[in-house]
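A.B. asks: I have a structure here, written as structure tokens, and I will follow up with some questions on it.
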Amino acid sequence: MAKETFDRSKPHVNIGTIGHVDHGKTTLTAAITTVLANKGLAAKRDFSSIDNAPEEKERGITINTAHVEYSTANRHYAHVDCPGHADYVKNMVTGAAQMDGAILVVAATDGPMPQTREHILLARQVGVPQLVVFMNKVDMVDDPELLELVEMEIRELLSFYDFDGDNIPVVQGSALGGLNGDAKWVGTIEQLMDSVDNWIPIPPRLTDQPFLMPVEDVFSITGRGTVATGRIERGVINSGEPVEILGMGAENLKSTVTGVEMFRKILDRGEAGDNVGLLLRGIEKEAIRRGMVICKPGSVTPHKKFKAEVYVLSKEEGGRHTPFFNNYRPQFYFRTTDVTGIISLAEGVEMVMPGDNVTISVELINAVAMEKGLRFAIREGGRTVGAGQVTEILD
């Protein structure tokens, strides 16, 4: 099949299907592509091609994920679906599949189940901004009062985890009916995609966010000054703009960018995704090192203490073979560098086993420029033993 060119004329949104095992997430994913393919907006994907998701390695963690893409009249979507519950946990916690929103699938025959709850909690913890609900298998329930009850339960659960349970769209339908082209149920799939279009926000573009670049390397050019290299994480930098240098012991370092170097040419600007060298006025080479960040003044602050949601690699994934306990001191790899930190477990948690996902508090020995949502790996002797993201800043 010819690869379609990425259509940039429509806004791009990353979404995924979440919910309890066997509630119909993969069937729904197949149904969405089938219904949209009939309108010429997607390539049809059958159940088995999505269900046999290839293994991917993200920071050494093995995750099975199916990536599907499709468009509606208004947007272009990249959609992730995971075959197993553990894959969801890893995907969401490590941020391997960044979601701007998600479709929560709940079978009307069962109502909310343990993984329904866990996925909603994870979505809240890792900052998925909005959810839309697809109540599946409605064709197998005869009692309209039961459907009402299940919907009420779902809404209460969403509100409990601080989502807008009163107003979130809940679409009742049948994924299998939609997949089989049954007109009544195809309509519910179309209704679902309208809800996704209208309810899930378009993410702010990286170039619209405040400038930030993690420093990878530093050198000096005779007669020109100090150059810091790295990949711009977000925002735009123009020659002549002021910047601040933070983290890893940087004390009140401010400078002005006098040039942006890319492919050995001096440019006037760099933007998110570019690998650049920034010429910095009045800064000694010794003052900057890998692991610091260069950013728009006042946009980020360095911190040492934070809470995080973490996935701990299993032994099979090359992680630890034994549990860790309170006051465990591994390295935390943020952006471009390792910083030692001390882990405190929540009250009542004695230890953490390989393969667990857990909420921890951390105190680093050096402050790092961070904010909610920042991802990191946990390493021990150079190998990755966990991954996670910051859920709350504590200092």
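Glycine too: its Cβ is placed from the backbone N, Cα and C atoms.
According to Swiss-Prot, the protein carries these features:
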type: BINDING; residues: 19-26, 81-85, 136-139; note: GTP binding site
type: BINDING; residues: Thr26; note: Mg(2+) binding site
type: DOMAIN; residues: 10-205; note: domain 'tr-type G'
type: REGION; residues: 19-26; note: region 'G1'
type: REGION; residues: 60-64; note: region 'G2'
type: REGION; residues: 81-84; note: region 'G3'
type: REGION; residues: 136-139; note: region 'G4'
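How buried are the listed features, and what sits near them?
C.D. replies: When other Cβ atoms within 10 Å of the Cβ of Cys82 (GTP binding site) are tallied across all protein chains shown, the result is 24.
In the three-state DSSP scheme, Thr26 (Mg(2+) binding site) falls into the helix class.
A Cβ distance under 8 Å defines the sequence-distant neighbours of the region 'G2' (60-64), meaning residues of its chain 6+ beyond its ends; these are 53-54, 82-84, 87, 90-91, 94, 96, 311, 313, 317-318, 383-384, 387.
Remote same-chain residues near the region 'G3' (81-84) are listed as 16-17, 21, 25-26, 29, 50-53, 63-66, 68, 91 (criterion: CB distance under 8 Å, separation of at least six residues from the stretch ends).
Across the range of the region 'G4' (136-139), the DSSP-based residue counts are 2 helix, 1 strand, 1 coil.
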A.B. asks: Give me the long-range Cβ neighbours of Gly19 (GTP binding site): same chain, 6+ apart, Cβ under 8 Å, in sequence order.
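C.D. replies: Same-chain residues close to Gly19 (GTP binding site) (Cβ under 8 Å, separated by 6 or more) are Lys25, Leu104, Val105, Val106, Gln115, Thr116, His119.
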A.B. asks: Under the DSSP assignment, what numbers of helix, strand and coil residues are found in the region 'G3' (81-84)?
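C.D. replies: For that range the per-state counts are 0 helix, 1 strand, 3 coil.
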A.B. asks: Same chain only, sequence gap of 6 or more: which residues have a CB within under 8 Å of the CB of Asp22 (GTP binding site)?
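C.D. replies: In sequence order, Ala107 meet the Cβ cut-off.
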A.B. asks: Taking every protein chain in this structure into account, which of the binding-site residues Lys25, His85 has the most other Cβ atoms within 10 Å of its Cβ?
C.D. replies: Lys25
A.B. asks: Tell me, what is the mean pLDDT of the region 'G1' (19-26)?
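C.D. replies: The answer is 94, the mean pLDDT of the model over that range.
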A.B. asks: Express the distance between the Cα positions of His85 (GTP binding site) and Thr26 (Mg(2+) binding site) as a whole number of Å.
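C.D. replies: About 12 Å separate the Cα atoms of these two residues.
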A.B. asks: Measuring CB to CB from Thr26 (Mg(2+) binding site), give everything in the same chain under 8 Å that is also at least six residues away in sequence.
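C.D. replies: Set apart from Thr26 (Mg(2+) binding site) by at least 6 residues yet with Cβ under 8 Å, we have Thr17, Phe47, Ile50, Asp51, Ala66, Asp81, Pro83.
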